[in-house]
Amino acid sequence: MSALSLENITGVYAPSALLVVGTFILKKEWVPFAVALAAGFVAWKLSVGGSSKPRKVLNPNEFQNFVLKEKNDISHNVTIYRFALPRPTDILGLPIGQHISLAATIEGQPKEVVRSYTPISSDNEAGYFDLLVKAYPQGNISKYLTTLKVGDTMKVRGPKGAMVYTPNMCRHIGMIAGGTGITPMLQIIKAIIRNRPRNGGNDTTQVDLIFANVNPDDILLKDELEKLAAEDDGFRIYYVLNNPPEGWTGGVGFVTPDMIKERLPAPASDIKILLCGPPPMVSAMKKATESLGYTKARPVSKLEDQVFCF
């Protein structure tokens, strides 16, 4: 922001000038002290608090270290990691739909290992960001994260990714997620609901989510998803389980073309299908959507694609 911006004139220079003038009127010999105080205030405001807009800290060109603030185990192999930003008012500055890269030097690996993750927090939550990570036996970064203690640091770079969600970019979004593939979907769902007309926004996008997992306990972030669906009639969830409990009313087995046809928007120029999950599942969903008449997914998705794979 320019030092001569309207925001700084009204929020920094004007109060400082009033302090000096007011002091001159009351007691002239105090003016030098008032000038010094005003100068200090101006310098502080311009360097730290001169803008009401939060500072974006992500750098797409270089890794930065962020301190682990909290670890919250939500199952035997799934943890939410909260990393602190440099200042309480800072935000990541991550566009909706994009992700960040985590890097670490891991013993036995010839070079630094880098993996992508989507935060489950959003930029309206300042001072930190949250990552939901499932530790896989062969997952170098996910296993590395489990070794971190509060106070340790993690190297982060971003934003990256071809998806940048903007309000009303399409009429209806269909989502198919498996396991931790729910994280980019949640980011978009929360942004849409936060920007509904009832909340002062203008986003009227309809959203239908098919969320596939093996067991009931594998359904990540279920409470948050259920809360969002309960408060917003434009968002609907259909769960699919490989091993359903007795009395289960959702889908059973793998996500099928029939499930997609019944639950997600039909092919049209103003809809999108978003896919995220284990590679075998995403591959199967690409074939299924193509068989139903959706535009064939590209090997590397672009923003304009009808079927987009994270």
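Cβ coordinates come from backbone N, Cα and C, glycine included.
Since this is a predicted model, take the numbers as computed values, not measurements.
Per Swiss-Prot, the feature FAD binding site maps to 146-160, 172-209. Taken from Swiss-Prot, the feature domain 'FAD-binding FR-type' applies to 61-166, supported by sequence analysis. Here Swiss-Prot flags 30-50 as transmembrane segment, drawing on sequence analysis.
Residue environment of Ile192 (FAD binding site) contains 24 other Cβ atoms, counted within 10 Å of its Cβ in all protein chains. Non-local contacts of Gly178 (FAD binding site) by the CB criterion (under 8 A, 6+ apart in sequence, same chain) comprise Phe211, Ala212, Asn213, Cys276, Gly277, Pro278, Met281, Val282. In the three-state DSSP reading, Gly178 (FAD binding site) counts as strand.
Annotation for Gln206 (FAD binding site): spatial neighbours Arg171, His172, Ile173, Gly234, Phe235, Pro265, criterion Cβ-Cβ under 8 Å with sequence separation of six or more. Using a 10 Å radius centred on the Cβ of Met185 (FAD binding site) and all shown protein chains, the other Cβ atoms total 25.
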